[in-house]
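S.K.: From Swiss-Prot, for reference:
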type	residues	note
BINDING	N7, E384	Mg(2+) binding site
BINDING	K14, H208, L209, G210, N211, G212, D283, L284, R285, G331, V332, G333, E334, N335	ATP binding site
BINDING	R91	substrate binding site
ACT_SITE	D148	active site, proton donor/acceptor
SITE	H180	site 'Transition state stabilizer'
SITE	R241	site 'Transition state stabilizer'
Amino acid sequence: MKVLVVNAGSSSIKYQVVDMTDESVLAVGLVDRVGIPGTTLDHSPLGKDKVTIKKDLPDHTAGMELVLQVLVNEEYGCIKSMDEIGAVGHRVVHGGEGFAESVVIDDEVKRVIKECFEIAPLHNPPNMMGIEACQRLMPNVKHVAVFDTAFHQTMGPANFMYALPYDVYEKFRVRRYGFHGTSHFYVAHRAAEMLGKPYEECKIITLHLGNGASMAAIKDGKVIDTSMGFTPLEGLVMGTRSGDIDPAIVFFLMDKLGMNSSEANNYFNKKSGMLGLSGVSNDLRDILEAAGSGNERAKIALDVYYNKVKGYIGNYIAKLNGVDCLVFTAGVGENAIDIRENVCANLDYLGIKMDVEKNKVRGKEVDVATADSKVRIFLIPTNEELVIARDTFNLAK
């Protein structure tokens with residue numbers, strides 16, 4: 001079976017075609033600027049040159065129509081007909097409390113996804129547009145939803161509840177949900193394989209460090225805690241998100257800067273984090289370069305970043321009662337040598353010792369701990385699309 005993996009954003013559609021006989025990727029692509037003048041489709045078929053098509057597309061249905069045309073194109077397609085696609089897997093950011101695993105999409109599933117529009121307004125609506133576009137164009141195959149929140153649904157109330165009046169949980173389901181679950185799931189399972197232990201017997205801390213960043217503590221095959229919360233704003237310092245702050249700062253700055261709630265939401269999600277602290281960029285590569293040139297704000301931003309990650313490592317080791325491995329993944333985690341080194345510095349007392357020479361790699365699956373480190377330190381490139389393809393295949397076959 002061949003599976004089409006779709007990740008629909010507000011103005012983009014990312015896709016892959018995966019042949020499940022050997023899990024090979026037959027094509028990857030991106031439709032960018034959907035509904036905006038200047039739409040482009042970049043399509044990279046296996047063993048062929050990348051193709052770029054420029055064509056304005058009014059909506060996600062038009063975008064998916066173009067994707068399907070490209071997939072069967074005689075010159076640069078990867079399949080002969082759409083009959084070869086046995087199922088479609090959709091990334092959905094928020095499944096609320098309703099889903100602890102991936103599911104075949106039906107009317108009830110779509111109702112729950114729509115219920116979560118209010119708590120995931122930037123992600124769930126375009127995810128749903130992608131689902132409905134694909135269902136219109138491919139009505140005879142199974143469509144599967146794979147939720148970013150699902151992996152974290154094993155958390156207990158001690159870690160998912162906030163100390164707010166209990167009725168806000170009962171009425172509005174205000175609680176910690178966590179995100180990046182598909183990535184945490186993939187690298188945690190790979191880490192167990194690298195440890196040579198059953199996954200259900202491991203204590204693992206996963207660090208998904210990208211422009212958005214989150215960590216998870218996994219024990220006996222279950223997430224017990226994760227750093228993102230009710231929304232992806234909570235937790236680590238990120239590219240443009242503040243992460244953990246005193247909630248009173250929100251009200252103070254709304255008053256001082258004359259912001260309404262929407263403007264405040266934008267302020268803490270889009271103007272804060274490493275961008276706000278450094279004044280340089282949201283990109284850690286730029287901030288590292290600026291710090292190396294003597295920029296004091298960039299240095300402070302990096303110190304705040306390292307401090308926050310270290311704090312979560314200590315927190316999670318306490319909750320796990322020890323740890324077998326740390327796992328670095330995502331754009332920063334896989335590629336930023338200096339970031340990894342500084343995060344792991346001075347953690348010897350916890351049994352975490354990095355080999356700085358082994359650490360000088362990017363994008364490879366490797367153990368960078370010293371031989372005598374009690375805790376292994378793994379770099380594992382994430383593969384969310386493969387998880388989506390596998391779940392889709394298993395539910396559709």
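Heads up, the Cβ atoms here are built off N, Cα and C, so glycines get one too.
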S.K.: What's the CA to CA span in angstrom from R241 (site 'Transition state stabilizer') over to D283 (ATP binding site)?
M.R.: 12
S.K.: State the count of C-beta atoms found within 10 angstroms of the C-beta of L209 (ATP binding site), not counting that atom itself.
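M.R.: That number is 26.
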S.K.: Taking Cα atoms as reference points, which of the recorded positions N7, R91, D148, H180 is nearest to R285 (ATP binding site)?
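M.R.: That would be H180, the closest of N7, R91, D148, H180 to R285 (ATP binding site).
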S.K.: Can you tell me how many other Cβ atoms are located within 10 Å of the Cβ belonging to D148 (active site, proton donor/acceptor)?
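M.R.: A count of 27.
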S.K.: What's the CA-CA gap between E384 (Mg(2+) binding site) and H180 (site 'Transition state stabilizer') in angstrom, rounded?
M.R.: 9
S.K.: Which has the fewest other Cβ atoms within 10 Å: K14, R91, H180, R241, the recorded positions listed?
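M.R.: So among K14, R91, H180, R241, the recorded positions given, the one with the fewest Cβ atoms within 10 Å is K14.
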S.K.: List every residue in the same chain as N7 (Mg(2+) binding site), at least 6 positions away in sequence, whose Cβ is under 8 Å from its Cβ.
M.R.: I13, K14, Y15, H90, R91, G130, E385
S.K.: Please give the maximum pairwise Cα distance, in Å and rounded to a whole number, for the ATP-binding set K14, H208, L209, G210, N211, G212, D283, L284, R285, G331, V332, G333, E334, N335.
M.R.: 24
S.K.: If you run the three-state DSSP split on the residue listed as 'active site, proton donor/acceptor', which class comes out?
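M.R.: The residue listed as 'active site, proton donor/acceptor' sits in coil per DSSP, no helix or strand.
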S.K.: Any idea what the Cα distance is from D283 (ATP binding site) over to H180 (site 'Transition state stabilizer'), rounded to a whole Å?
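M.R.: Distance between the two Cα atoms comes out at 19 Å.
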S.K.: At the Cα level, what's the spacing in Å between the residue listed as 'active site, proton donor/acceptor' and V332 (ATP binding site), rounded?
M.R.: 19
S.K.: Who sits close to N211 (ATP binding site): which same-chain residues at least 6 apart have their Cβ under 8 Å from its Cβ?
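M.R.: Non-local contacts for N211 (ATP binding site): M238, G239, T240, N282, D283, G331, V332.
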S.K.: To see if you understand the setup: which same-chain residues, six or more apart in sequence, place their Cβ under 8 Å from that of E334 (ATP binding site)?
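M.R.: Set apart from E334 (ATP binding site) by at least 6 residues yet with Cβ under 8 Å, we have F328, R362, G363, L379, I380, P381, T382.
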S.K.: Would you mind reading off the Cα separation of H180 (site 'Transition state stabilizer') from L209 (ATP binding site), to the nearest angstrom?
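M.R.: Answer for this pair: 10 Å between alpha carbons.
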